[in-house]
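Quick look at what Swiss-Prot annotates:
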type	residues	note
TOPO_DOM	39-716	topological domain 'Extracellular'
DISULFID	C55-C138	disulfide bond
DISULFID	C88-C106	disulfide bond
DISULFID	C372-C465	disulfide bond
DISULFID	C403-C424	disulfide bond
CARBOHYD	T462	O-linked glycosylation site
DISULFID	C545-C615	disulfide bond
DISULFID	C566-C634	disulfide bond
DISULFID	C620-C630	disulfide bond
TRANSMEM	717-736	transmembrane segment
Amino acid sequence: MACRQRGGSWSPSGWFNAGWSTYRSISLFFALVTSGNSIDVSQLVNPAFPGTVTCDEREITVEFPSSPGTKKWHASVVDPLGLDMPNCTYILDPEKLTLRATYDNCTRRVHGGHQMTIRVMNNSAALRHGAVMYQFFCPAMQVEETQGLSASTICQKDFMSFSLPRVFSGLADDSKGTKVQMGWSIEVGDGARAKTLTLPEAMKEGFSLLIDNHRMTFHVPFNATGVTHYVQGNSHLYMVSLKLTFISPGQKVIFSSQAICAPDPVTCNATHMTLTIPEFPGKLKSVSFENQNIDVSQLHDNGIDLEATNGMKLHFSKTLLKTKLSEKCLLHQFYLASLKLTFLLRPETVSMVIYPECLCESPVSIVTGELCTQDGFMDVEVYSYQTQPALDLGTLRVGNSSCQPVFEAQSQGLVRFHIPLNGCGTRYKFEDDKVVYENEIHALWTDFPPSKISRDSEFRMTVKCSYSRNDMLLNINVESLTPPVASVKLGPFTLILQSYPDNSYQQPYGENEYPLVRFLRQPIYMEVRVLNRDDPNIKLVLDDCWATSTMDPDSFPQWNVVVDGCAYDLDNYQTTFHPVGSSVTHPDHYQRFDMKAFAFVSEAHVLSSLVYFHCSALICNRLSPDSPLCSVTCPVSSRHRRATGATEAEKMTVSLPGPILLLSDDSSFRGVGSSDLKASGSSGEKSRSETGEEVGSRGAMDTKGHKTAGDVGSKAVAAVAAFAGVVATLGFIYYLYEKRTVSNH
């Protein structure tokens, strides 16, 4: 006979005390091989019933044996006296040879269950003549019918236990005087993995069965055979399918149960209580607490948020919880009296009842010791791993103020506080011969009072330090003359000069990519910027930028690119400055420009070797510019800027990480001739008109932006050559004159 039990909750006492329960369905199969009481009304005999009776949760099913004479009999439900029951509705199926009747109107309530009487009569005989009556007993199927027992599973630390009603007095193994040996067998697991054990075998593997007058209690350890373990992170769930079979003379009882157990405690913070369950085949159907049954679709409207990614997390607003005073806690404790979670599982409904409690609301730790410094501070360090999940160090504050740490290293998970004894909410008190100073470091929640889910770890740490009374600090005001105004000067700055592939300025060239190769008239994009500064009131201003043939920025010859913060106005292709957009945090910390690659010449020779670039710059105060270069407007008289510019000590010089190799388009110095060496003249104009383009060149300059002696020398050579030509011409004319004079004579 198959019996299904459903029940409420039961809190066992004594060794059964536990804080977690799993509510699950139980199926009890009870096959009656013989009835307990068979009566022939006419003959008063008790023949054994040859069929099978099955007790379900709602009805009784009687199965008659198949024999050649079965079509000649008739069966009906009657009362114990053999009289018809007019309110009883039953179904007699001659084809299947079954009779089905409900408990409500077709049975009589007896102690521990239901009693039903049927009458079987041969159709060929006279009415009631030769009729046989059989009485059957079915145990109470509902848990509430069995003296208040509960079908809930209790979760202990290492095992789960559940109770079943004791439906017959002979179920216990205490009938040693009987000739027939009764026994239990246990089937653990589901499907092909199911394993059947005798009771002694199960006891050896850690199972246990306890039977008293009203109930049977079965213990299943978490590591037993057939128990499925689901784990995800730090959360665990155990699930098991069981069949307990008891065989006794004339009857066979099978209890079938499926149980789930989640033994992990809940976690709590300032706003919510969180229950975590790992991923398993069950699907949440409803949540019940405080006489409320809430469907999963209505959880959010009732202050519960469901997070169904990677398992399941239920976040209960603390406004739903109760509070109580506990001997274990200094402050009040949040809890729920009971919480039932109902799941759809294979394909039955399985419920789990738990009793969640938050841990005590007390400070995480109290730090004492030699923390007080001689200058009146407390120094303390806080690490992110002091809570689980890790602490968000950016939310830490001291006392009732906004005092923040003096040092923070997120990569190391460390912050350091330097707490003044006379500030940041520090309190003091006298204890014996000591003065004790106390403060609290805590994390703040932006959503308190609760308005959203907060998964931040709660952190409160009390820090204390003390002085001896004899060493107590004294505050003394010493009047003195007003000190002179300090001379303010900016501290050291670090600049960097880099080159970029294009004007997007996304990624600079690395040091291992130098020397860079550039062809004539190809732009070279450069950037100067300030490193490791977050001050929005400073501004980077270029002074000069120039090129040299060696890595020494002071070497000669030099070729100017930027002079006094402006493009060099003697170039054929002038330097172009690029604005710095909002893509960077502090645009005033950058200067960007590009120059066109030219053939660099010195002393009438074109240099095709490596060229090094350098820049000098200074840092200006945007709020109070202290140098004319801080507010340059181009073009401006170079002489005027030089006269009022910054001193050399205020400037900083930076260089590119490596040189640039300047080549012509065909990797030779095509188009570069003597005409290119002349600063002006018809030959230069003729060259440009014949070729239709300008082949740029730069003459070497001194540091003031003027032509160097090498270029002046080339002009002198040209002048001497011209003078020699004139002398030769005059000599040739004189020669012709003398020759004509001789011939005339």
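Positions of Cβ are set from backbone N, Cα and C atoms, glycine also.
A straight line from the CA of C106 (disulfide bond) to the CA of C615 (disulfide bond) spans 106 Å.
Rounded to a whole number, the C-alpha distance linking C620 (disulfide bond) with C88 (disulfide bond) is 103 angstrom. Considering only the disulfide-bonded residues C138, C372, C630, C566 (disulfide bond) has C630 as its nearest partner by CA-CA distance. Comparing the disulfide-bonded residues C465, C545, C566 on other C-beta atoms within 10 angstroms of each C-beta gives the minimum for C566. The average pLDDT for the topological domain 'Extracellular' (39-716) in the predicted structure is 75. Among the disulfide-bonded residues C55, C424, C465, C634, the residue whose Cα lies closest in space to that of C615 (disulfide bond) is C634. C630 (disulfide bond) falls within a helix when secondary structure is assigned with DSSP. Nearest to C372 (disulfide bond) in space, judged by Cα atoms and limited to the recorded positions C88, C138, T462, C630, C634, is T462. The residue listed as 'O-linked glycosylation site' sits 61 Å from C634 (disulfide bond), taking the CA atoms of both as reference points. Counting only the Cα atoms, the space from C138 (disulfide bond) to C88 (disulfide bond) is about 17 angstrom.
For C55 (disulfide bond), the Cβ neighbour count at a 10 Å cut-off comes to 29, with all displayed protein chains included.
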